[in-house]
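Read the structure below first, then the notes.
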Amino acid sequence: MLIASQLEPTYARTVYPCFDEPAMKATFNIRIVHDPSYVALSNMPAIDVSEIKDENGSLWTVTTFNTSLKMSTYLTAFVICDFDYVTRTERGNEIRLWARKEAVKNGYVDYALNITGPIFSFLEDLLNVSYPLPKTDLVALPDFGAGAMENWGLMTFQESSLMYLPSDKFTSRKAMVAIIVSHELGHQACDIFFFLFKWFGNLVTMSWWNDLWLNEGLASYFEYLGATFVEPKLSLDKIFYDHVVQPVLREDNEIGVRSLSQSEDKIKGSSYLMSLFDSITYNKGASITWMLSGFLTEKLFIRALTSYLKDFSFSNANQDDLWTHIQMVVDAQDEVQLPASVKQIMDSWTCQNGFPVLTLNLTTGTISQEQFRNKKNENSTDSYNNTWIIPVSWMRNGSPQPLMWLDKRSKVFPEIQVAESEYDWILLNVNLSGYYRVNYDQLNLKRLARLLETDPKVRSYVRFQLIDDVFALTQFGYIQIETALELTKYLAKEDELFIWNMVLLNLVPENLESTLKNYEVYPLLKKYLLKRMLPIYHYYAGFIRQNVDALGDDYFAQVYLEKLFATACWLGLQDCLNLSSELYAKWIDNPEYKIPFLIKRTVCCYGVAVGSDKEWNFAWEMYNHTTSTKEDKDILLSAMSCAKESWLLYRYLQYGLSNTLFSSNCTSVVILYVMTKDIGHHIAWEFVTENW
């Protein structure tokens, strides 16, 4: 048995009678009566454990906790479990990490325990704030819908977010643990932005939920600082563009996407409130913070946060209070000059939906802005007349230039006019510090394409942003696909996986299996992409064959190598098919052999596809093996649908109907996997109609 609470945003009222509003704070005295074989945890340390008998004479334990600090109702928390823990002390704060007994015994939570203290200290020093609680419990829950929650003094996590198996040689799992722990500690870290880092005190709470982004968006920004602090080999910039900025730019242009901050009257009821916990709040919030920190400088940004924190400790604030504090810091110095008040600049980003695209004419030196939208959607009646106050960072021929501001629809900047020379080029949005896209004129694009071909080692963020922008502009009807492809000619020289992933994301259909639906583009991709992929494919295939452990610190290899290999096999690269067969055959010969996890899904799929019933039966046998993990089982479920012989697929679908062969009801999953394959498509449809 296990009980764990999750009271954010509006569930405290279902546990005890209260005014369940973030602005209404109180101190809490908590006492829990529970079965004696379990331990009870809450926000504060236990101060008394006694026993009572009920009317039937059964013995119960009563755990009483110290009075809490003044805090909001949604941060109260309790866990009743039979877990074990490991502990360490950091600056007098006792940190305990609780998990299932066998997980603790096997050392699965040691990594999380070892990074929690240093992240705490890092955030305390960065923000000049002392953590006000005497203890911190982190609990790994086997099943937890919220993923993680920063209750004050008692943080709860989905088990997989906190566990790192000592045998995992790969950084990606470590990085994920570091990122999630520092996000929640970031919350703990300083509650700076209205329970931003709701942890370092519930120091400053937002007045109401319409400013939720300041909480989650800021925590999302700080989580990457914290993660790269404990894992210095992680590249903060690349991971931030790749995991935060780029995904939300893809989402923030859809019709009906809301603004970051909303007026209170738009939030109708708890269910709408729940919908605010989305990628606009987390990722756009973090991206806007990244931009703010960029044009202020991190030094001024942190200084403003620190003063804001001190002023509003244990009380409530809204977004305008934060702008006021930043304004005070800006007014007290003369290095950073802004074209308008902090509130005017920031409200243009938080109170309007969407984001701008900047269009350049380098002959006249004109930059204009409009809201980025789908130009192919001619029938749209939506009005797009938002304008932003935009910090424009730029470089000329590789040299950084002073920041410019675009504060109206269109403006002439004589300094960005280019000369006749084809070596004279301009790049906007340096380091992807701004939350916008850039549409260059043909002249500059040609020069940038030439730059990539002659100097493929030009900084990686330049390659990343150019490719991301041109494909987005193509997709939304601003430019032709040929223009975008001009910038990909250099790819045979591209050796960074995170950039290759961006290319594949844009050029290769998400559902790789079906060549039927992609009959027009498939032969073109095969011809155009495959020859450019060969160098990077062979580079990584060498590691897979000889020394896969050497990729232990290559974060992007762990996240994206699978996509590269899957694409190479899908496009029919013989070496990729051979490699999959070799590794799969090795596994059949010795079931103790471990296929490199980085490409296991691809190897299993093509191992089955290239083989016959022997290979399929082995996958089935391993699927039913008791030691197979949930992840392994999912990989094998998918791999068995890769068979190229119709009768194997039909048999698989029949197995899927059986309650005795599958422990849980996998019917729909099996049908779905078979349906996405070329030959499986018709077989699955026939099977469904026959067995309706």
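Here, residue 1 is simply the first one shown, and the rest follow in order.
Here the Cβ of each residue, glycine as well, is placed from N, Cα and C on the backbone.
Now, the feature entries from TrEMBL:
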DOMAIN    2-75  domain 'Aminopeptidase N-like N-terminal'
DOMAIN    111-349  domain 'Peptidase M1 membrane alanine aminopeptidase'
BINDING   His183, His187, Glu216  Zn(2+) binding site
ACT_SITE  Glu184  active site, proton acceptor
SITE      Tyr282  site 'Transition state stabilizer'
DOMAIN    425-692  domain 'ERAP1-like C-terminal'
Other C-beta atoms within 10 angstroms of the C-beta of Glu216 (Zn(2+) binding site) total 25
Rounded mean pLDDT within the domain 'Aminopeptidase N-like N-terminal' (2-75) lands at 95
CB contacts under 8 angstroms to Tyr282 (site 'Transition state stabilizer'), restricted to the same chain and 6+ apart in sequence, sorted by sequence, are Glu216, Gly217, Ser220
Grouping DSSP H, G, I as helix and E, B as strand, the residues of the domain 'Aminopeptidase N-like N-terminal' (2-75) number 6 helix, 29 strand, 39 coil
